[in-house]
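J.: What Swiss-Prot records for this protein is below:
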- G11, P12, T13, A14, V15, G16, K17, T18: ATP binding site (BINDING)
- T13, A14, V15, G16, K17, T18: substrate binding site (BINDING)
- 36-39: region 'Interaction with substrate tRNA' (REGION)
- T102: site 'Interaction with substrate tRNA' (SITE)
- R128: site 'Interaction with substrate tRNA' (SITE)
Amino acid sequence: MTKEKIIVIVGPTAVGKTALGIALAGAFNGEIISGDSQQVYRHLDIGTAKASAREQALAVHHLIDIREVTESYSAFDFVQDAKRAIEDIVSRGKLPIIVGGTGLYLQSLLEGYHLGGDLDQKELLAYRQQLETLTDTELYQLLASKGIHLDQVNRRRAIRSLELNQFARDLKNQEAPYNPLMIGLTDEREVIYERINKRVDLMMASGLLEEARWLFEQYPAVQASRGIGYKELFPYFQGQASLEEATATLKQQTRRFAKRQLTWFRNRMAVRFDSISESSYPQAIYDRVERFLKEP
């Protein structure tokens, strides 16, 4: 059975994944699927670095603005949504291009993980109930002991990741469902960090503070509020930090997030990384995609 070919672009935040995805979509008749756990939420545009209206006009985007901020979203939800999007895109003769930085979501899709099938649901439920009795600290210690590093740490995601780790054989299909070309973008650490600092400054100038304040005042405890880009500004609203201090924390946490992203993809997935500073970029990637699409 022939597997559908898809392009997957990964890399740390602020490295230029969105721009490359749009360029490849234009060059190879593609449509973009967001692989970011936060971009599913409506009204959260700036802090999630969502493709702008102008960028979305250049290429069709899927899995953006599909949930209200009050709703939860998981790797399981993403896999179901992404599969439907891929099927839709392919049915119209176009190329699916996944762009994102949420490692667990992409791994779940590409390696065929699922919560169901042959897995004994009673066994899964028993393990889940056992995890629910643990404190947050105990959960995170268990994650660390198993070498699991999450893009964003919260209780729900910690439990889901431990389930995935515990039942890996039962949760993994016999065969990966797609034929992906993995494209990783990177650069020197100092360059990425400088790009992050500049992006945060631009976000603040574009209205991030107002977006974060709305989330803080309306929905401070929802899953969406725990994403990097929002919670770092909450201490400012609470009078516990100056705006300068909160902004500095946001930059620092985003830099740490970028480092974790790179570590995840290098350790968990077979990705060839290209430096965006190389003279061959992006032509070398265009050539690789062209060869990939011509392969039987």
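Note: Cβ is positioned from N, Cα and C throughout, glycine not excepted.
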J.: Measure from the Cβ of A14 (ATP binding site) and count the other Cβ atoms within 10 Å, all protein chains considered.
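T.: For A14 (ATP binding site), the 10 Å Cβ neighbour count is 24.
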J.: Identify, among the binding-site residues G11, G16, the residue whose Cβ has the fewest other Cβ atoms within 10 Å in this structure.
T.: G16
J.: Where R128 (site 'Interaction with substrate tRNA') and T102 (site 'Interaction with substrate tRNA') are concerned, what is their Cα separation in Å, rounded?
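T.: Cα-Cα, rounded: 23 Å.
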J.: Fill in the CA-CA distance, T18 (ATP binding site) to T102 (site 'Interaction with substrate tRNA'), as an integer in Å.
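T.: T18 (ATP binding site) to T102 (site 'Interaction with substrate tRNA'), Cα-Cα distance: 14 Å.
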J.: Tell me the residue counts in helix, strand and coil for the region 'Interaction with substrate tRNA' (36-39), as DSSP assigns them.
T.: 0 helix, 0 strand, 4 coil
J.: Which number gives the other C-beta atoms within 10 angstroms of the C-beta of T18 (ATP binding site), all protein chains shown included?
T.: 23
J.: Report the member of K17, R128 (the recorded positions) whose C-beta atom has the most other C-beta atoms within 10 angstroms.
T.: K17
J.: Determine the Cβ neighbour count for P12 (ATP binding site): the number of other Cβ atoms within 10 Å of its Cβ.
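T.: I count 28 other Cβ atoms within 10 Å of it.
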J.: In whole Å, how far is T102 (site 'Interaction with substrate tRNA') from G11 (ATP binding site) when you measure between their Cα atoms?
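T.: So the Cα of T102 (site 'Interaction with substrate tRNA') lies 10 Å away from that of G11 (ATP binding site).
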J.: Other than G11, P12, T13, A14, V15, G16, K17, T18, which residues of the same chain sit close to ATP? List them in sequence order, counting a residue when its Cβ is within 8 Å of the Cβ centroid of the site.
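T.: Not counting the recorded site residues, we get G101, L185, R195.
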J.: Compute the centroid of the Cβ atoms of T13, A14, V15, G16, K17, T18, then list the same-chain residues not in that set whose Cβ lies within 8 Å of it, in sequence order, for the substrate site.
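T.: Residues close to the substrate site, other than T13, A14, V15, G16, K17, T18: G11, P12, A19, A49, G101, L185, R195.
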